[in-house]
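Student: Structure in structure tokens, see below.
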Amino acid sequence: MSKLFRAVIMGPPGSGKGTISERIAQSFGLQHLSSGDFLRENIAANTEAGVLAKTYIEKRLLVPDHVMTRLLLPRLEEMTRHSWILDGFPRTLAQAEALSRACELDVVISLNIPLETLKERLRHRWIHPASGRVYNLCFNPPRMQGVDDISGEPLIQHEDDRPEALVARLRHYKDVAKPVIDLYKAKNILHTFSDTDTDRIWPHISSLLNTKIRTDQSSAQRASTN
Ligand SMILES: Nc1ncnc2c1ncn2[C@@H]1O[C@H](COP(=O)(O)OP(=O)(O)OP(=O)(O)O)[C@@H](O)[C@H]1O
Ligand SMILES: Nc1nc2c(ncn2[C@@H]2O[C@H](COP(=O)(O)OP(=O)(O)O)[C@@H](O)[C@H]2O)c(=O)[nH]1
């Protein structure tokens, strides 16, 4: 039996976490778990945690750590048969510590993208709010302008994707993410990728995962034959 693979992807808004997670899910068969999508599902279903989370998201605040961990960790613990990549969690040191107590991560991918590139991408980011599907007018445009490919519903732009809002969001990301990055660096599982284009980063991520997933599977096989 092959060993399950656990990965986390981190990066500032617009760095390509969602886009790259989807590629990883398709190429390596990992489940893509997005904290934002999970929160939106809970909001749509009117769960107690969803109702509470909504009040923070509407004020553009992070959802408190205890709410996030109570929501996310049981979901991860259920996934005993699937390898996964986690996008959007952990965002804070308290979340990272809670995740470490629940499972052992194999790889953390950190995306380091220049500010000008982030601004340009977010200016052109359009979202289907109900599903979290993301488009970009230059990089991956919808088939029909302003309309989601699958549901046919209208796409929207987030207020805080405006270039004026980005600098503050980025500063906030850096402050909160720094101790998380330091923790993963100390555990020797952090891999940082810097470039302006997802298509140039992708081959490096793909070869990293090829090596890691293959190595893990062959050691699991050796253990099961011993
Ligand atoms: N791990 C988390 N901890 C706290 N709040 C979270 C977390 N993940 C998501 N949220 C909340 O849900 C909202 C939506 O999250 P989502 O990741 O979809 O979008 P985002 O914050 O705009 O990030 P990005 O632009 O990087 O995709 C966040 O703005 C935040 O309020
Ligand atoms: N022009 C361009 N846009 C990209 C690239 N990679 C991702 N995008 C777009 O940039 C935006 C941000 O990417 P997303 O995956 O949502 O980033 P996240 O906020 O980190 O999850 C989206 O509109 C993507 O379609 C790229 O290499 N070039």
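From the backbone N, Cα and C atoms, a Cβ is placed for every residue, glycine too.
Quantities reported herein were computed from a predicted structural model and do not represent experimental measurements.
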Student: Suppose a student reads TrEMBL and sees G14, S15, G16, K17, G18, T19, R125, V134, Y135 listed for ribonucleoside 5'-triphosphate. Which of T196, T198 should they find annotated at that same site?
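Tutor: Candidate in the recorded ribonucleoside 5'-triphosphate site: T198.
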Student: Who are the long-range neighbours of the region 'NMPbind' (34-63) in its own chain, taking Cβ under 8 Å and residues 6 or more past its ends?
Tutor: 18, 21, 70-72, 75, 86-89, 91-92, 129-132, 160, 176
Student: Summarise the region 'LID' (124-161) as counts of helix, strand and coil residues per DSSP.
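Tutor: When I sort the residues of the region 'LID' (124-161) into the three classes, I find 3 helix, 13 strand, 22 coil.
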Student: Of all the binding-site residues given, L61, V63, which has the fewest Cβ neighbours within 10 Å once its own Cβ is left out?
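Tutor: Fewest other Cβ atoms within 10 Å, among the binding-site residues L61, V63, is found for L61.
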Student: Looking at the binding-site residues F89, Y135, which sits with the largest number of other Cβ atoms within 10 Å of its Cβ?
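Tutor: Answer by Cβ density within 10 Å: F89.
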Student: To the nearest Å, how far is the Cα of G14 (ribonucleoside 5'-triphosphate binding site) from the Cα of L61 (AMP binding site)?
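Tutor: That comes out at 17 Å between the alpha carbons.
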